[in-house]
Amino acid sequence: MKDVLLIKYGELALKGENRSFFENTLVKNIKYALRDFDGVKVEKTHGRIYVECEKNVEEAIERLKKVFGIVGITRAKEADLDLEEIFKAAVDLMKSHQGKTFKVETKRPNKAFPYNSMEISRRVGAAVLKNVKNMKVDVHNPDVLLNVEIREKAFLYAGVIEGAGGLPLGTNGKATVLLSGGIDSPVAAWMMMKRGVEVEAVYFHSPPYTSDRAKEKVVDLCKVLSQYGRGMRLHVVHFTDLQLEIYEKCPARLTTIIMRRMMMKIAEKIAQQNGSLALITGESLGQVASQTIESLYVTNSSVSLPVFRPLIGMDKREIIDIAQKIGTYEISIRPYEDCCTIFVPKHPATKPKLEKVLEAEEKMDYQKFIDNFEEEVIEI
Ligand code: ATP
Ligand code: MG
């Protein structure tokens with residue numbers, strides 16, 4: 001008897017010609033997620049992916065719950081075509097459903113097996129009743145449906161564990177996320193990863209105004225995000241000099257928006273070098289002064305790559321819910337300052353005018369900072 005996981009992947013069915021590319025990428029991502037497991041076999045046969053797993057099945061399921069493109073994971077037992085073996089598998093499987101009502105349903109594509117479906121269901125049901133505590137049969141409205149499939153082997157499964165959904169990572173190109181240590185940008189990155197986008201991160205670090213612990217926070221956030229993908233590259237850009245230049249040369253009320261534009265310009269340069277076709281930010285309309293529609297217009301005008309803002313229409317509460325679900329929240333709320341809070345003006349412009357901002361930017365030589373920025377590249 002063997003543990004097998006049956007992987008369901010709904011949205012892929014819609015993709016026509018690309019289907020095998022999507023399926024192959026999903027198989028690759030599943031193999032990557034389980035790369036350090038012994039004795040794992042991943043197989044694709046007629047519209048299904050089977051994952052064979054000798055041990056640590058629970059842990060394997062936890063990993064697979066983070067693989068985008070998987071809609072559901074069914075924990076199944078594969079048994080030899082022998083009634084006693086099938087009973088054993090059924091009892092094993094139903095132990096985790098003690099105290100519930102159940103019903104057995106059998107399919108028998110392999111007609112060489114000498115018992116018919118009704119007979120198999122009846123006898124498997126009896127074995128479960130005898131060997132698992134407090135079980136009751138309910139054929140109309142069971143808590144658990146125990147499926148038995150008689151193929152070249154017998155497959156038994158009950159219940160589906162919900163997967164992450166979305167599209168397999170790597171099937172929708174690449175984008176570069178501006179990742180601060182805050183709550184929003186990691187969620188934004190995750191949402192784009194969920195749509196199959198491979199993500200590279202840029203963090204703007206301003207020592208000594210921002211501490212090493214602020215940087216560590218971002219590294220830790222990348223570690224969490226990388227669990228949903230296949231590793232991740234983080235660029236830590238040394239931003240202090242440019243930030244001081246802005247602070248010195250530009251009107252106080254425009255420093256935040258100009259700083260944001262400079263971040264975008266540097267991120268765009270990195271994006272162009274790494275093959276990204278878009279930038280990602282954690283902006284949400286109206287959340288703070290730099291996120292009014294006027295500010296977003298001015299920020300957006302600093303670059304020509306498309307900027308994805310998956311949180312644009314979300315409330316803070318909704319963003320926090322996702323952050324908690326994906327495991328970034330606890331890291332994001334660690335109390336280390338980011339560069340924006342230190343250089344933040346008392347009265348930032350909430351309706352900046354692009355001409356005024358461009359005029360202010362003329363007063364400093366930002367191009368030399370953008371052409372020669374220093375960075376540390378960390379492979380997560
Ligand atoms: P977050 O929760 O992501 O920090 P926020 O609500 O604090 O966002 P802002 O400070 O206005 O919002 O930043 C808007 C966006 O700009 C962030 O979501 C992020 O994408 C980017 N950003 C801000 N600061 C940095 C930084 N130091 N490094 C990289 N990106 C940054
Ligand atoms: Mg922030």
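Cβ coordinates are placed from backbone N, Cα and C, and glycine is handled just like the others.
Where the annotation comes from TrEMBL, it is an automatic prediction and has not been curated.
Here is what TrEMBL says about this protein:
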type    : residues                                               : note
DOMAIN  : 58-162                                                 : domain 'THUMP'
BINDING : Leu178, Leu179, Tyr203, Phe204, Arg260, Gly282, Gln291 : ATP binding site
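In this structure, Phe204 (ATP binding site) is part of a beta strand by DSSP. Here Leu179 (ATP binding site) comes close to Ser185, Pro186, Ala189, Ala201, Val202, Tyr203, Val218, Leu221, Cys222, Leu234: these same-chain residues lie at least six apart in sequence, with C-beta atoms under 8 angstroms from its C-beta.
Just so you know, the Cβ of Phe204 (ATP binding site) picks up 28 other Cβ atoms within 10 Å once every protein chain is counted. Within the model, the domain 'THUMP' (58-162) carries an average pLDDT of 95. The Cβ of Gly282 (ATP binding site) lies under 8 Å from the Cβ of Leu178, Ser180, Gly182, Ile183, Asp184, Ser185, Pro186, Val187, Ala188, Arg309, Leu311, each of which sits 6+ residues away along the same chain. Looking only at other Cβ atoms within 10 Å, the busiest spot among the binding-site residues Leu178, Tyr203, Arg260, Gln291 turns out to be Tyr203. Remark: secondary structure over the domain 'THUMP' (58-162) totals 37 helix, 31 strand, 37 coil, with classes taken from DSSP. Maximum intra-site Cα distance, ATP binding residues Leu178, Leu179, Tyr203, Phe204, Arg260, Gly282, Gln291: 19 Å.
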